[in-house]
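Here is the structure we will look at, set down as structure tokens.
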Amino acid sequence: MRFSVVFAAIAALSSVVTAERGCGAIPHKGFATELMEAMDNARASSFSNTTAANVTINTYFHVITDGNKGQINNDTLQKQIEVLNKDYSGTGFSFKLVGSERTNNAGWASGNDDFGMKSSLRKGGYDSLNVYFVPMLREGLLGFCHFPTKNPGKRQLIMDGCVINSNTVPGGSAQNYDEGRTTTHEVGHFMGLYHVFNDNGGGCQQDGDMVDDTPVQSKPSSGCPKGKDSCPQQGVDSIHNYMDYSYDSCLNEFSPGQIQRMQMLWKQFRAGNSNRSPKAMKPIIPSYVSDPVM
């Protein structure tokens, strides 16, 4: 996930072949520490995913267009929420599309004012999911999403949510990434999941995602490479896991450990901040944010 997330207006992913799933999600600086504390808290309380209640997440879709660029019809938005619910079935989470809106804004469509876009459009509290579909992310970048934090400030509340290349929705033009699973992948970051491969440059020497039941994996997958095994430790690479970079058609699972991780972090980070929203906090001075890291 160590990819630049600075938007550029110079390239649009319209009917192009994407070589690899480009993800720009980067955990905020304190996330690793907060994650370790959350894991300690969960162990102390004997938490397991079987004790967590089912959660319905209010979801808002924002379609950003520049004229005809980025248009997504209602049927496609419905298919996207159906993909999300199918992929998260069995996790304890479901998604209710409570609102969708379209905004024609050339600057937002080209990624020139991420903060301005979100501060104007974001809805709901910290337990709501906002997804912004934009047509012109930097070439090779299909999306990014913000990791949760225990005590979000107003800027973090505003910037929360996922930005998705509009060509990746079901039936879109991002070849091999046109079944809506970029949104599934990025929402995994919203829930607190790392990539299954090692983002820290540690090769096979580190467990990159800190989940016990995902085998150590040194690099992302591309395509659907059956039997790929990038590390000598037990287990082959998780090519079918939603948090890898495989083609959409190859992805079909979260591990039990990932499900428990999502349940744990939801309970400690998002459910506890359900009443917090940007509108309920003191105003801050807007500024251009080229990097969404908090």
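Note that the numbers count up from 1, one per residue, in the order the chain is shown.
The backbone N, Cα and C atoms fix where each Cβ goes, and this holds for glycine too.
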Recorded disulfide partner - CYS224, candidates CYS162, CYS204, CYS250, source Swiss-Prot: CYS250
Where Swiss-Prot places N-linked glycosylation site when the choices are ASN74, ASN275: ASN74
Sparsest Cβ surroundings (other CB atoms within 10 Å) among the disulfide-bonded residues CYS224, CYS250: CYS224
Shortest C-alpha distance to HIS189 (Zn(2+) binding site) - which of the recorded positions ASN54, ASN74, CYS224: ASN54
Cα separation, HIS185 (Zn(2+) binding site) to ASN54 (N-linked glycosylation site) (Å, whole number): 20
